[in-house]
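Peer 1: What TrEMBL shows for this protein is this:
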- Cys158, Cys161, Cys216, Cys219: Zn(2+) 1 binding site (BINDING)
- Cys176, Cys179, Cys202, Cys205: Zn(2+) 2 binding site (BINDING)
- 3-67: domain 'J' (DOMAIN)
- 145-228: domain 'CR-type' (DOMAIN)
- 145-228: zinc finger (ZN_FING)
Amino acid sequence: MESYYDILGVSKSASIEEIKKAYKKRAKEYHPDINKDPSAQDTFKKISKAYQILSDEEKRAAYDRMGHSGFEQAQKGGYGRGGNQSYGQGGINYEDIFGGGQDPFDIFESIFGSRGYSGGTQRQPSRGESIETVMSISFDEAVHGAGKKISYSRFAQCSNCKGSGSNNGGKGQEQCKTCSGSGQVTSNRSIFGAQYTQTTICPDCRGKGQKITNPCVNCSSTGRQKTTESITVDIPAGVETGIRIKYSGKGNVGENNSPAGDLYIIFKVSPHKVFSRSGNNILLTIPITISQAVLGDTLEIPTIHGTENLVIPAGTASNKEFTLKDQGVPDIRTQRKGQQIVTVSIEIPKKLTKEQKSLFEKLKVIESDSPSLLEKFFS
């Protein structure tokens, strides 16, 4: 199967500049307005998709990690949880990796000038940037879930101009003379001998159709200002380090009242002083005495949910594992609990009381009357 690197004709170690250069070259060659071969359009689509993936660092890293087939399959899947939140497995938010991102046709601004229009009038408002912030949570919060407040910085609507960019609340604007308020200009161009009419973004008003005559001094006419906001995050039970959730529209507001981007909360779980975690299982190692290992015992064991009784049978060896059912972490999707795996470690005393020493000496005498372990091993 042809890889995205093969489609663009670059090596896997190619830099972003090499990828961009290769895309420009092949896009010119196979653009449907230039190449009249019936197969050119399909080839051009492949080239555009390859550039869309390889020009984005996060998507490219995922592609290199999964391989072509795995990446294609992952684009069709992913995991969602409804509401304003979406979750991914293994710390990967598939919506963030495969949704949105860079438009491969943006590069035509450097090939042919500004991007062309197929219709409509003014340029659509540019959405604000998305934000990522790390949230540290305790081991217990990750297991049981919780609501926790976090503060973060973002660009919000300017309090002075209310997002208009003008000191007069939007009144200090006039129609762009270059495009007569349409936000676009039309020109006749010749590319490799082919003549065609191109409609592009107006370079004077940047597609808005209006020009600000009295810029807001508070935000330099961008319509937004830096602010600190707080949000209560609904931590789902079973979350792990690296998993992130999305809050739509809580990122940076775009310029001049454009829609806001999204806020991504990335969880970082603090270690527990007693327990550790493997998937949805809780791991615990406990010490037991020689007499408990030989004679057996019933112990009260701490769990992340409370306590449980654990029966240690007679003759238990060191590093023996016992399973406590449904005492693990809830699965983030199904909420079905994992297990708690308890490993016993036989403690050998380094110092003995007189009574203990006397008892072990008696045991030694008794054992000397029986074949030694080595004799049993080699017999």
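Yeah, the Cβs are placed from backbone N, Cα and C, and that goes for glycine too.
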Peer 1: For the domain 'CR-type' (145-228), what does DSSP give as the number of helix, strand and coil residues?
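Peer 2: So the counts come to 0 helix, 41 strand, 43 coil.
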Peer 1: Can you give me the Cα-Cα distance between Cys205 (Zn(2+) 2 binding site) and Cys161 (Zn(2+) 1 binding site) in Å, rounded to a whole number?
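Peer 2: A Cα-Cα distance of 19 Å.
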Peer 1: To the nearest Å, how far is the Cα of Cys161 (Zn(2+) 1 binding site) from the Cα of Cys179 (Zn(2+) 2 binding site)?
Peer 2: 25
Peer 1: Cα-Cα, whole number of Å: Cys202 (Zn(2+) 2 binding site) versus Cys216 (Zn(2+) 1 binding site)?
Peer 2: 22
Peer 1: Taking every protein chain shown into account, which of the binding-site residues Cys161, Cys176, Cys202, Cys205, Cys216 has the largest tally of Cβ atoms within 10 Å of its Cβ?
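Peer 2: Highest number of other Cβ atoms within 10 Å: Cys161.
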Peer 1: Could you tell me how many residues in the domain 'J' (3-67) are helical, how many are strand and how many are coil under DSSP?
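Peer 2: Going by DSSP assignments, the domain 'J' (3-67) contains 46 helix, 0 strand, 19 coil.
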Peer 1: Excluding Cys158, Cys161, Cys216, Cys219 themselves, which residues in that chain have a Cβ inside 8 Å of the centre of the Cβ atoms defining the Zn(2+) 1 site?
Peer 2: Ser159, Asn160, Lys162, Gly163, Ser164, Gly165, Ser166, Asn167, Val217, Asn218, Ser220, Ser221, Thr222, Gly223, Arg224, Gln225
Peer 1: What's the CA-CA gap between Cys179 (Zn(2+) 2 binding site) and Cys216 (Zn(2+) 1 binding site) in angstrom, rounded?
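Peer 2: Counting only the Cα atoms, the answer is 24 Å.
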Peer 1: Counting only residues 6+ apart in the same chain, whose Cβ is under 8 Å from the Cβ of Cys158 (Zn(2+) 1 binding site)?
Peer 2: Gly165, Cys216, Asn218, Cys219, Thr222, Gly223, Arg224, Gln225
Peer 1: So around the Zn(2+) 2 site, Cys176, Cys179, Cys202, Cys205 aside, which residues have their CB within 8 A of the centroid of those CB atoms?
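Peer 2: Filtered neighbour residues, in order: Lys177, Thr178, Ser180, Gly181, Ser182, Gly183, Gln184, Val185, Pro203, Asp204, Arg206, Gly207, Lys208, Gly209, Gln210, Lys211.
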